[in-house]
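Let me begin by presenting the structure, written as structure tokens, before commenting on it.
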Amino acid sequence: MAPPRKGELSPEEKDLLGVIAKGNVEEAGRLLGSKNVHVNCLDEHGMTPLMHAAYKGKVDMCRLLLRHGADVNCNEHEHGYTALMFAGLSGNKEITWMMLEAGAETDVVNSVGRTAAQMAAFVGQHDCVTIINNFFPRERLDYYTKPQGLDKEPKLPVKLAGPLHKIITTTNMHPVKIVLLVKENPLLAEVEALQKCYRVLDLICEKCMKQKDMNEVLAMKMHYISCIFQKCVTFLKEREDKLDGFIKSLLKGRDKDGFPVYQEKLIRESIRKFPYCEATLLQQLVRSIAPVELGSDPTAFSVLTQAITGQVGFVDAEFCTTCGEKGADKRCSVCKVVMYCDQNCQKTHWFTHKKVCKTLKEIHEKQELEAAKEKRRQEKKQKKDEAQLEEAGATSEEQSAPGPDATKEADPNLWIQTDQTEETELTKEPEARAPRPDSPLESETALADIALQKIQDSEE
């Protein structure tokens with residue numbers, strides 16, 4: 001079949017675009033089986049069916065098109081948009097991840113010079129930005145599953161590549177979340193396996209810093225996860241409660257406010273151990289964290305997360321107190337302050353939260369009471385302002401209403417009566433009024449005559 005041309009669609013291809021808009025996967029599958037349908041056909045704007053499906057957020061449709069060989073990096077759009085850019089604009093995290101796994105390039109720019117991550121950030125789809133920025137191709141990890149050079153064995157067993165890749169690509173950098181991911185996979189939760197994993201992470205970190213296009217963000221992330229793995233090894237070797245003990249150490253809060261001091265110190269120590277002191281990112285992190293006292297904002301975790309994942313602080317979202325997962329929607333039933341993503345996280349955190357739960361409850365109730373008082377005060381103030389406005393309006397209406405004198409002047413009969421009175425006065429005292437001059441010259445003569453008459457009267 002000849003390569004597709006922009007705007008040259010067969011009737012079946014036009015039907016396919018319509019079916020994609022409706023989300024009918026079965027009908028789309030039937031049309032894709034037709035010899036008259038090219039999976040990468042282009043509409044008049046240069047959009048492929050995959051771009052249409054990604055922009056409309058059709059997950060199953062995207063999966064179907066990729067199975068049929070859709071080109072995830074097709075760049076025929078009139079403004080240079082790719083399928084990954086449309087996925088980011090749609091805000092669909094699953095489709096964004098799907099495009100990346102299918103091999104979508106993240107550094108391609110459109111006609112205005114923006115990458116997919118920048119376009120997603122521009123429209124406020126910060127979750128998609130985080131996914132794109134944290135994506136790590138599986139092929140780069142599979143490289144270490146094969147013997148290289150003089151090595152007789154690979155640095156990373158094949159069975160560990162999948163679980164390790166899942167942790168590397170996670171967008172949640174909370175240390176408890178990383179330990180939970182290790183704990184849930186029996187293959188990883190062993191000393192030998194973790195040792196191999198953190199050595200590979202150190203190699204990736206070194207490669208990121210020494211390659212031509214240096215990637216400090218990815219290097220810092222690999223180093224951070226490596227530090228968490230090394231602590232896991234320590235607890236597996238030295239503690240009877242093993243990883244559960246590590247999680248408790250990370251969550252244990254100090255008595256006065258429940259702040260997890262050990263967790264904060266661990267993250268600060270991990271950043272400080274970054275082996276490339278000249279890195280700009282390291283210097284920025286140190287400047288942001290060093291002046292902050294333990295227990296104050298910003299925490300080391302929040303600063304590190306923003307630097308690595310690109311998550312912004314002004315986004316309104318609730319995070320789980322235990323594992324840091326975004327979108328927590330369950331509150332402690334007593335204090336109504338602490339958030340969790342599920343009951344397991346609440347149970348895990350209860351051993352330390354119970355010490356400060358009542359205190360937090362009192363603080364919360366006090367804040368609610370003050371908020372209610374402030375609300376009532378604002379309502380009273382608003383009512384008072386409205387009453388003053390109404391009173392001012394009534395006063396202005398009274399002032400603008402015509403009085404009894406104005407009514408008298410408005411009566412034409414009174415005007416006539418006044419004119420008659422004036423005529424009578426003029427008849428009785430003709431000397432009292434000077435004649436109205438017709439010209440300036442006559443006016444001056446008349447004034448002179450009056451003045452002369454007054455002088456004569458005074459002499460007599």
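Each Cβ is built from the backbone N, Cα and C atoms, and glycine gets one as well.
Lifted from Swiss-Prot, the feature list:
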type    : residues               : note
BINDING : C320, C323, C341, C345 : Zn(2+) 1 binding site
BINDING : C332, C335, H353, C357 : Zn(2+) 2 binding site
REPEAT  : 45-74                  : repeat 'ANK 1'
REPEAT  : 79-108                 : repeat 'ANK 2'
REPEAT  : 159-188                : repeat 'ANK 3'
ZN_FING : 320-357                : zinc finger
Residue pair C323 (Zn(2+) 1 binding site), C335 (Zn(2+) 2 binding site) - Cα distance, angstrom, rounded: 19
Cβ-Cβ under 8 Å with the zinc finger (320-357): same-chain residues at least 6 beyond its ends: 127, 172-174, 176-177, 180, 247-248, 251-253, 255, 257-258, 260, 301, 363-364
The repeat 'ANK 3' (159-188) - residue tally per DSSP class, helix then strand then coil: 19 helix, 0 strand, 11 coil
PLDDT averaged over the residues of the repeat 'ANK 1' (45-74): 95
H353 (Zn(2+) 2 binding site) - helix vs strand vs coil (DSSP): helix
DSSP state at C345 (Zn(2+) 1 binding site), helix/strand/coil: helix
Packing count at H353 (Zn(2+) 2 binding site) (other Cβ atoms within 10 Å of its Cβ): 22
Binding-site residues compared (C320, C323, C335, C345) - the one with the fewest other Cβ atoms within 10 Å: C335
Three-state secondary structure, C335 (Zn(2+) 2 binding site) (per DSSP): coil
Site with most surrounding Cβ atoms, counting all protein chains shown within 10 Å, from the binding-site residues C341, C357: C341
The repeat 'ANK 1' (45-74): DSSP-derived helix, strand, coil residue counts: 16 helix, 0 strand, 14 coil
Separation of alpha carbons, C332 (Zn(2+) 2 binding site) and C345 (Zn(2+) 1 binding site) (Å): 11
For C332 (Zn(2+) 2 binding site): intrachain residues, at least 6 apart, with Cβ closer than 8 Å: V338, Y340, Q346, H353, C357, L360
Residue pair C335 (Zn(2+) 2 binding site), C320 (Zn(2+) 1 binding site) - Cα distance, angstrom, rounded: 15
